[in-house]
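J.: I'd like to ask some things about the structure below.
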Amino acid sequence: MWACTGQCTSDVVKRDCPHSCKTCNTNLSTPSTQPVTTKSTTKSASDRPSTTGPTSPPISRNNTAVGLKCIDKRSECKDWASQGDCVSSGWVERTCRISCKTRCDSKPFKPEGSCSDPLGLGWPGNFQLPDRAFRASSDFRPGNWRASADNARLYFEDDPTTKRIGAWCGKERDNQWLQVDLGKTKKIRAIATQGRDVFHEHVKQYKLAFSSDGSNFNVYQEDGKERVFIGNCDHFTPVLNSFNPVKARYVRIIVVSSSFPCLRVELYGCDV
């Protein structure tokens, strides 16, 4: 509504409504050589993970994917939709994406071309990698919720039953990293990232480091310089970065800048 009435001239509106105001960069990079409203009768505020304080507003980047999986999470969704709850309740719209015809992704996000198979971290890879494959410098555990490394899976969402937050989040802001063990050496050529489900924390820039043994890592370089990858400008839209293929078993994502270090990830490549 604000965009339609010309309010995008306001810095505050441009900051808080980047999609409507069309203020985001939509270009994908290539290596150089390219708070939720609940339905009061079904879900209480205590079911949501807490946050350490006010979060930065999202700055969205348009892309071919939305970052929300098309799914109805409750059996009551069709009834709620027929009653008009999709319009009156943001929680219903988010919970009942099929019944509410919410804009969402009906199939996983993945790059085009050869050697671009998802490597098992998130929904694109059917969440195949075990939880033990994920490590991090630290993790955020507010109350009885946890944002541990094994939550760093593309499209993973808050789970009130298991109290898992939809992302890995570091406990501290600085010097944070996330590490993934692919189980065996793979040829890796792309990465997709999201920020934290529901809240606004996301990683804006990062580096990649690769290892064959999990101990000795080499930071990815192009033209003799460590490449700083452009990450997310909101917390939900998947952002894809491709790079020259690297053979490795272990991948470490080193946070360079963030609103707060929270990540969901998928890696893409193929067998060696």
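The backbone N, Cα and C atoms fix where each Cβ goes, glycine too.
Summarising the annotation, TrEMBL assigns compositional bias 'Polar residues' to 30-48. Sequence annotations record features per position, and here TrEMBL assigns region 'Disordered' to 30-63. Summarising the annotation, TrEMBL assigns compositional bias 'Low complexity' to 49-60. As annotated by TrEMBL, domain 'ShKT' applies to 70-104. Residues or ranges marked as disulfide bond by TrEMBL: CYS70-CYS104. What TrEMBL lists as domain 'F5/8 type C' is 115-270.
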J.: When the domain 'ShKT' (70-104) is classified with DSSP, how many of its residues are helical, how many are strand and how many are coil?
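T.: When I sort the residues of the domain 'ShKT' (70-104) into the three classes, I find 16 helix, 2 strand, 17 coil.
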J.: Counting only residues 6+ away in sequence within the same chain, which have a CB under 8 Å from the CB of CYS104 (disulfide bond)?
T.: VAL66, LEU68, LYS69, CYS70, ILE71, ARG97, ILE98
J.: Could you pull the average pLDDT for the domain 'F5/8 type C' (115-270)?
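T.: That stretch averages a pLDDT of 96.
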J.: I'd like the number of other C-beta atoms within 10 A of the C-beta of CYS70 (disulfide bond), please.
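T.: A 10 Å sphere around the Cβ of CYS70 (disulfide bond) contains 14 other Cβ atoms.
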